[in-house]
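Novice: The structure follows.
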Amino acid sequence: MKHYEVEIRDAKTREKLCFLDKVEPQATISEIKTLFTKTHPQWYPARQSLRLDPKGKSLKDEDVLQKLPVGTTATLYFRDLGAQISWVTVFLTEYAGPLFIYLLFYFRVPFIYGRKYDFTSSRHTVVHLACMCHSFHYIKRLLETLFVHRFSHGTMPLRNIFKNCTYYWGFAAWMAYYINHPLYTPPTYGVQQVKLALAVFVICQLGNFSIHMALRDLRPAGSKTRKIPYPTKNPFTWLFLLVSCPNYTYEVGSWIGFAILTQCVPVALFSLVGFTQMTIWAKGKHRSYLKEFRDYPPLRMPIIPFLL
């Protein structure tokens, strides 16, 4: 059996970093990364990007050497992705923060609203409902991270955790400050507005969870398999008939419900920013589906049925 020789060069300087002799033709990029780490332990596999061209796209870990457009002497170009951190760690950190921060304002710990309000409780029922909804949302996210989500990528750049936490933690503090403020004003339309908002929030939370479970069942544990998601017997998944990312649709709906419930400007802004970001993600995933699957349902839109 003919073996390959693999030369790894720096994508920026073209400097030769490593030469691997007698590499199996069936070796994957993941295995080549492991071999490279043996000579350069500071660059563990998760922070390596290997490509055929210095300015080209990164090769996938599952790509097989003999199936790449290279000869028996292959040249790969290396880029350092920087320090990496697991997606699970990032999600747990960015979701635990808002849960804890919101409760600090809810219980009115000292140095927030003034001494006379320390550890006092709001007289408005909607404030307590808002705390329950907010806490439920982030506890759900934490549990889904631990027991439901299956990540196609194991890590992300370490710097992202600071950006993500600033976003989630900052908005949580901003909205919690006003919702739990001693001078907070309840919703204009009273009980009817609260009931409507709670219904929207609960339905969308159930829908979001249902979509996450459906997506989980599409990907076997430990794999990166991608399939077209279709509706199941669960009515909440029927939104797959119209959009590619109904989990985002339900997520946006949850925050709209929370904004109606609290009638709070920071919540409305958080919903708007979240919708903008999730629309970008949804469009990206929608394009990937269309590119990867020729039989992808043509009626689907990225996030909003018939519109967007």
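Glycine is treated like the rest: Cβ placed from N, Cα and C.
Sequence annotations record features per position, and here Swiss-Prot assigns topological domain 'Cytoplasmic' to 1-86, 148-158, 217-245, 293-308 based on similarity to another entry. The feature N6-acetyllysine is assigned by Swiss-Prot to K22, K60. What Swiss-Prot lists as phosphoserine is S58, and the listing cites a large-scale study or a structure entry. Annotated transmembrane segment per Swiss-Prot: 87-106, 125-147, 159-180, 190-216, 246-262, 265-292, in sequence order, evidence recorded as similarity to another entry. Positions annotated as topological domain 'Lumenal' by Swiss-Prot, on the basis of similarity to another entry: 107-124, 181-189.
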Novice: Under an 8 Å Cβ to Cβ limit, what residues of the same chain, 6 or more beyond the ends of the topological domain 'Lumenal' (181-189), are close to it?
Specialist: 108, 113, 117, 120, 122, 124, 126-127, 197, 260-263
Novice: Does the transmembrane segment (190-216) reach the transmembrane segment (125-147) with at least 3 CB pairs under 8 A, where each pair is 6 or more residues apart?
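Specialist: Judged by the Cβ rule, the two regions touch, with the required three close pairs present.
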Novice: Let me check one thing: do the transmembrane segment (87-106) and the transmembrane segment (246-262) come into contact, meaning three or more Cβ pairs under 8 Å with sequence separation of at least 6?
Specialist: no
Novice: What three-state class does DSSP give K22 (N6-acetyllysine)?
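Specialist: K22 (N6-acetyllysine) sits in a strand per DSSP.
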Novice: Would you find the one among the modified residues K22, K60 whose Cβ has the most company, meaning other Cβ atoms within 10 Å?
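Specialist: Output for this query is K60.
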Novice: Might you list, by sequence position, any residue in that chain lying six or more from the residue listed as 'phosphoserine' with a Cβ less than 8 Å away from its Cβ?
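Specialist: Looking at Cβ-Cβ distances below 8 Å from the residue listed as 'phosphoserine', excluding near sequence neighbours, one finds S49, L50, R51, R79.
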Novice: Please work out which recorded stretch in 159-180, 246-262, 265-292 has the most C-beta pairs separated by under 8 angstroms from the transmembrane segment (125-147)?
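Specialist: Highest pair count goes to 246-262.
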Novice: Suppose you look only at the topological domain 'Lumenal' (181-189); what would the mean pLDDT be?
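Specialist: Summarising the topological domain 'Lumenal' (181-189) by its mean pLDDT gives 96.
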Novice: Between the Cα atoms of K22 (N6-acetyllysine) and K60 (N6-acetyllysine), what distance do you get, rounded to the nearest Å?
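Specialist: K22 (N6-acetyllysine) to K60 (N6-acetyllysine), Cα-Cα distance: 21 Å.
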Novice: Is the transmembrane segment (265-292) packed against any residues at least 6 beyond its ends, judged by a Cβ distance under 8 Å, and which are they?
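Specialist: Cβ under 8 Å, 6 or more out: 171, 174-175, 177-179, 226, 228, 243-245, 248, 251-252, 255-256, 258-259, 300-303, 308.
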Novice: Give residue numbers and ranges for long-range contacts of the topological domain 'Cytoplasmic' (148-158): same chain, 6 or more residues beyond its ends, CB-CB under 8 A.
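Specialist: Cβ under 8 Å, 6 or more out: 46-47, 81-88, 90-91, 212-213, 216, 219, 221, 224, 226.
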Novice: Under the DSSP assignment, what numbers of helix, strand and coil residues are found in the topological domain 'Cytoplasmic' (293-308)?
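Specialist: Secondary-structure composition of the topological domain 'Cytoplasmic' (293-308): 0 helix, 1 strand, 15 coil.
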Novice: Going along the chain, which residues at least six beyond the ends of the topological domain 'Cytoplasmic' (293-308) come within the CB cut-off of under 8 Å?
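Specialist: Same-chain residues near the topological domain 'Cytoplasmic' (293-308) but 6 or more away: 228, 239-245, 248-249, 252, 278-279, 282-283, 285-286.
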